[in-house]
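Residues or ranges marked as Zn(2+) 1 binding site by Swiss-Prot: His70, Asp103, Glu166. Swiss-Prot lists Asp72 with the feature active site, giving sequence analysis as the kind of evidence. Taken from Swiss-Prot, the feature Zn(2+) 2 binding site applies to Asp103, Glu138, His352. Feature annotation from Swiss-Prot assigns active site, proton acceptor to Glu137; the stated evidence is sequence analysis.
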Amino acid sequence: MSATLALTEQLIARASVTPDDQHCQQIMTERLAALGFDCETVASHGVTNLWAVKRGTDGRDGKLLAFAGHTDVVPTGPLEQWTSPPFVPAHRDGKLYGRGAADMKTSLAAFVVAAEEFVAAHPDHRGAIAFLITSDEEGPATDGTVKVVELLESRGERLDYCIVGEPTSTAELGDVVKNGRRGSMSGELIVKGVQGHIAYPHLAKNPIHLLAPALAELAAEQWDEGNEYFPPTTWQVSNLRAGTGATNVIPGHADLLFNFRFSTASTVEGLQARVHAILDKHQLDYTLKWTVSGLPFLTPRGELSNALEHAIRAETGLTTELSTTGGTSDGRFIARICPQVIEFGPPNGSIHKIDEHIEVRFVEPLKNVYRRVLEQLIA
């Protein structure tokens with residue numbers, strides 16, 4: 001069994017459901033410390049974070065390449081639906097099964113082993129290697145990567161390159177990498193009416209009826225046309241609640257939850273202003289609370305994307321696709337202190353599902369791609 005596969009299994013065996021790290025970072029820290037990394041634990045409200053860095057011969061003047069990832073996994077769902085226990089690594093039909101196999105314990109193991117091989121081959125490497133690891137990516141993400149980024153900002157620390165080990169591939173390893181992500185902004189809208197008997201609508205104000213025309217306009221709105229890198233901004237309703245459950249009561253209020261996934265073609269302030277303008281146009285009595293989960297970020301083609309594309313082609317023969325589709329990731333926080341952030345990891349077809357798995361044939365090539373990038377950028 002390869003060192004990468006063995007470490008992957010060791011990490012999968014830890015039931016590290018958010019925010020419980022279950023000592024995964026301790027396993028990583030022991031191996032990184034043996035390589036000469038300075039390892040620092042950053043704890044926050046039950047979340048465990050790791051910042052580990054190994055400087056090269058250029059010291060602080062050298063380029064710094066960081067790997068960012070998370071040790072936490074999503075809950076398993078019904079255990080009886082799993083073919084084998086989710087935290088007992090199992091091999092079947094050329095696949096390794098277990099919660100976190102694809103998202104993202106294989107990536108964690110691959111970069112640790114890549115760093116070990118790189119340091120052994122290049123003991124006098126010029127640039128620096130760092131790990132930014134959290135146990136709060138799958139949850140609220142309020143005490144994880146963002147806290148480490150804030151700490152690094154306070155120290156004036158800057159990263160030159162960052163690879164986030166998210167499972168970006170689809171059918172084959174390396175067919176897709178993410179060089180950006182859309183922003184995410186949610187709204188909690190309460191439209192006020194007047195409760196009353198449904199037989200006497202003239203004595204009440206039905207908030208659902210009041211909201212409906214504005215809702216139709218919001219759903220039909222073209223927020224932007226996107227751009228070269230991003231699809232158009234989308235607006236979607238996630239929840240609509242009103243009423244007591246009775247058939248003869250007009251509700252006193254209607255509650256709407258919605259979400260924007262927005263590109264760099266729009267701004268937070270601009271989208272908020274347009275929503276308020278539509279609601280005000282329909283003369284609604286409302287309150288609206290906004291939550292911005294992350295801003296869009298984009299890494300144009302440059303040293304990191306070139307190195308990653310070259311490494312993927314050399315290892316797999318594939319020409320990779322740069323993409324900004326999908327949900328948010330911790331890359332949105334890291335982009336504040338790093339001009340080049342790209343996400344790359346194994347295929348994502350089974351993530352967050354029963355019987356999550358990774359094809360074993362992808363494990364060593366993933367490690368090799370990571371090692372090739374280290375060699376190209378900081379050796």
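Backbone N, Cα and C define each Cβ position, glycine as well.
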Could you give the Cα-Cα distance between Glu137 (active site, proton acceptor) and His352 (Zn(2+) 2 binding site), in whole Å?
13
Could you say which of the binding-site residues His70, His352 has its Cβ with the most other Cβ atoms inside 10 Å?
His70
Among the recorded positions listed here, Asp72, Glu166, which has the most company in the form of other Cβ atoms within 10 Å of its Cβ?
Glu166
When DSSP states are folded down to helix, strand and coil, where does the residue listed as 'active site, proton acceptor' land?
coil
Here the Cα-Cα span from Glu166 (Zn(2+) 1 binding site) to Glu138 (Zn(2+) 2 binding site), rounded to a whole number of angstrom, reaches 12
Recorded positions near His352 (Zn(2+) 2 binding site), in sequence order, restricted to His70, Asp72, Asp103 and a 10 Å Cα cut-off
Asp103
Integer Å distance between the CA atoms belonging to Glu138 (Zn(2+) 2 binding site) and Asp72 (active site):
7
Not counting Asp103, Glu138, His352, residues with a CB within 8 A of the CB centroid of the Zn(2+) 2 site are Val73, Val74, Gly100, Met104, Ile351
Env. residues of Zn(2+) 1 site, Cβ within 8 Å of mean position of His70, Asp103, Glu166 Cβ:
Gly69, Met104, Ser107, Glu137, Glu138, Val164, Gly165, Pro167, Ser329, Gly345, Ile351
